[in-house]
Amino acid sequence: MADTYGMNGHNGHVKDRRSSSMNGRNRLYAQQEPQRTTHLSEFGKHMVAASGEFVGTFLFLYFGYAGNIVAVLQEPISGPNGTLANNTVMYIAMAYGFSLLVNVWTFYRISGGLFNPAVTFGLCLSGQLPWIRALFLFPSQIIAAMCAGGLVNAMFPGSASIANTTLGPNTSIAQGVFLEMFFTAQLVFVVLMLAAEKSRDTFLAPVGIGLALFVALIPGVFVTGGSANPVRSFGCAVGSRDFPGYHWIYWVGPLLGAALAAGYFRLVKMMHYEEANPGQDSPVDV
C-alpha cells in the first residue's frame, strides 16, 4: 500500500514519465487534427451564394413557367366563366411545387435555396439570415426571374403572359392581398420550421417546402393566379411585357405573409415551444 504512488520504489517517476508521454502524445494529436481552411472572404461567400440563388431561381421559375404554359395550351376544355379546369389547376400547382422541391434540394447547400424575396425577408425578420446576405440574394432572385420569363417567352409557343398571375372571377384586390398573404405565410413557416430550425427532419425540408407550395397553389391558381412569390409574378410579366394594374399585390401580400410567419416563429421560440411537446427529436427506437 505504501508503494501505491511510488510505482514500486521509483518514487512516481514512471508515472510522471508516462503522464508526460501521454500529454506530449495528446499535443501531437491536437497538432495533427485537420484545420478547417477558408478559401473565401466574406464578400466571396456572399457572391457564391448569390450565384447559386440566381441559377436556382432561374431553373425553378423556368420549369414552373414552362409547365404552366404547357398545361394551359394543352387543355381544350375550360371551367365555368372561362376559368381553368380542375386538372389544369392541379398540373400548374404540381409544376411549381415540384420544380421548387427539386431545385431547393439541389441548391440549399450553396445559397440556402430560397428563390423567393418573401422567404428571404421572412428569414431575416426571424433572425435566421443576416440582412447583408439578403442584399446579395434579392437582386439575384429578381434578375433570375426576368431571365426565366424572357427565355420562356422566346422559346415556348404562345406567350409568357399565359403564366401571368391574375385575379380570378369575383376576387377583389383586397381579397387578393390577404389571400397571397396567407398562401405565403404557409410557405414561409414551413421553411422556418423544417429548414431554419434544425431537427432530425431537416434533411427532408425540400420535400416539405415543395409540398407547401403545391398545397398553397391548389386554391391559389384559381383565386389569385397562385404566386406566393413576388418574383414568380414579376418574371413572366417582364418576359411578356404585360403587367396587370394590380401587380403590386403580388409584392405586398407575400411580404406581409412572410412577416406574419416570422412573427409567429419568434413567438413560439420565445415561449420555448420545444417543451410543449417534448421528445419529437428523440431516436425512434427510444
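The backbone N, Cα and C atoms fix where each Cβ goes, and this holds for glycine too.
If you look up Swiss-Prot, you'll see Asn81 (among others) marked as N-linked glycosylation site, on the strength of sequence analysis.
DSSP assigns Asn86 (N-linked glycosylation site) to a helical segment in the three-state reduction. Annotated N-linked glycosylation site per Swiss-Prot: Asn86 (among others), in sequence order, evidence recorded as sequence analysis.
The DSSP secondary structure for Asn164 (N-linked glycosylation site) is coil. A C-beta separation below 8 Å, combined with a sequence spacing of at least six in one chain, links Asn164 (N-linked glycosylation site) to Gly225, Ser233, Cys236, Ala237, Ser240, Asp242, Pro244. The annotation N-linked glycosylation site is assigned in Swiss-Prot to Asn164 (among others).
Annotation note: Asn170 (N-linked glycosylation site) sits in a coil segment as assigned by DSSP. Per Swiss-Prot, the feature N-linked glycosylation site maps to Asn170 (among others); the stated evidence is sequence analysis.
Annotation source Swiss-Prot lists region 'Disordered' at 1-34.
Annotation comment: Swiss-Prot describes 1-52 (among others) as topological domain 'Cytoplasmic'.
Annotation comment: Swiss-Prot describes 74-87 (among others) as topological domain 'Extracellular'.
Residues in the topological domain 'Cytoplasmic' (109-135) partition by DSSP class (helix H, G, I; strand E, B; coil) as 14 helix, 0 strand, 13 coil. Annotation comment: Swiss-Prot describes 109-135 (among others) as topological domain 'Cytoplasmic'.
Residues or ranges marked as topological domain 'Extracellular' by Swiss-Prot: 157-175 (among others).
Per Swiss-Prot, topological domain 'Cytoplasmic' is recorded for 197-202 (among others), and the stated evidence type is a curator's inference. With DSSP states grouped into helix (H, G, I), strand (E, B) and coil, the topological domain 'Cytoplasmic' (197-202) comes out at 1 helix, 0 strand, 5 coil.
With a threshold of 8 Å between CB atoms, the same-chain residues lying at least 6 positions outside the topological domain 'Extracellular' (224-244) that come near it are 57, 61, 64-65, 92-93, 96, 115-119, 141-142, 144-153, 159-161, 163-168, 171, 176, 179-180, 183-184, 186-187, 213, 216-217, 250-251, 253-255, 257. Per Swiss-Prot, the feature topological domain 'Extracellular' maps to 224-244 (among others).
Here Swiss-Prot flags 266-286 (among others) as topological domain 'Cytoplasmic'.
Here Swiss-Prot flags 53-73 (among others) as transmembrane segment.
Among residues of the same chain six or more beyond the transmembrane segment (88-108), those with a C-beta under 8 A of the stretch's C-beta atoms are 52-53, 55-56, 59-61, 63-64, 66-68, 71-72, 75, 115, 195, 205-207, 209-211, 213-215, 217-218, 220-222, 226, 232. Summarising the annotation, Swiss-Prot assigns transmembrane segment to 88-108 (among others) and lists sequence analysis as the type of evidence.
For 136-156 (among others), the entry in Swiss-Prot reads transmembrane segment, with the evidence type sequence analysis.
Tertiary proximity for the transmembrane segment (176-196) is limited to same-chain residues at least six positions away from its ends with a CB under 8 Å from its CB atoms, namely 108, 112, 114, 116, 118-119, 122-123, 126, 128, 167, 202, 204-205, 208-209, 212-213, 215-217, 220, 223-224, 226-229, 246, 249-250, 252-258, 260-262, 264-265. Taken from Swiss-Prot, the feature transmembrane segment applies to 176-196 (among others), supported by sequence analysis.
For Asn86 (N-linked glycosylation site) paired with Asn170 (N-linked glycosylation site), the C-alpha to C-alpha distance reads 18 Å. Cβ-based neighbour count (10 Å, all protein chains) for Asn86 (N-linked glycosylation site) stands at 11. Assigned with DSSP, the residues of the topological domain 'Extracellular' (224-244) fall into helix, strand and coil as follows: 11 helix, 0 strand, 10 coil.
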